[in-house]
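For reference, the structure discussed in these notes is given below.
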């Protein structure tokens, strides 16, 4: 029951938020006619996670996870209201500020959700539960762009903002109904005490130290960082690939945005079914390699088929296939971090993970833009695909076979003891 409530809350809030994420660049572009202004929406989303993601995890490890999530939902609903006033270019800064504030608040919600999940399902069901959670992400990709675009055209940014605020309120209500104890462990050294703010940096540092010194966590972070940098290059190259190389037009580009979610929806159920029989190492590393191969096919779809409808169909096919390894690596990677990290450290470790993902994507965007201009979109996206494959090979080589040795409690105790001695 509690997991169902958590899953439903994530589904509702993610669906609404992705509609807003799709609508905000449209509104920025409508006000300014500038692609740079529209790209500012992405920057305002990523920067808070880079700067504050790990630190937010420190506070998540201190607070009741359920109350943190409810408070974050209520605050995000309120923060969206200023968007009702953004009707001219003079107030464009407010659009960026709202997106950054909502994203910052989400930095507390997401680590709290990931930290709470192991208490609801148990370690043996974590990968399966994470695979089901991946359905939320793929439903978002499937429905979000279309709903956000249509809703924006119908009722404008004000209507989209109100709809998103409503989803946060519903999510907060569902989380509030969870009965499981969401408080930090009684023995958690960061749950109480004095000098909270003075100790914050040290606690944040301890979380990063755990990642650096645990070989499983370190491998997952490095492999994922390499892959997400590749994802940033795909974010830059997708539009020119779809419109200029595949000659798919804006409508075809929209279809491609939803294609990966089709495979992901099926993959969510499939990964959940095989999670107990396939080691996380194979799901994670194999998922990275598989995603790289699918993206390599996507990048070269214009070479494999004549531009137009045929190339669009080929590209869509590769994106559907990409949904399977994407879900596998997401579910297994999250499960590896959850099972390897003691409850005391989960919030800050997932906060660090979110910061890493955002930073890697931003690096990919910054490097990928000039690279596409200099070398062309197909070579750059092919190089990005190779980065996924290299990350997967690294994970397959470095991660232990079967289940990672050592319990989460042991990992946390070892790190805590080392921190105290250092």
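In case you wondered, yes, glycine gets a Cβ from its N, Cα and C as well.
Per TrEMBL, transmembrane segment is recorded for 35-59, 79-98, 151-178, 219-243, 255-275, 282-302, 308-329, 349-368, 374-397.
With respect to Cβ pairs under 8 Å, the transmembrane segment (374-397) is most closely packed against 219-243, considering the stretches 79-98, 219-243, 349-368. Tertiary neighbourhood of the transmembrane segment (349-368): same-chain residues 42-43, 45-47, 49-58, 60, 107, 110-111, 114-115, 207-208, 210-211, 217, 221, 224-237, 337, 341, 380, 384, selected by CB-CB distance under 8 Å and a gap of 6+ residues from either end. Within the same chain, the transmembrane segment (282-302) stays apart from the transmembrane segment (151-178): fewer than three Cβ pairs sit under 8 Å, each pair at least 6 residues apart.
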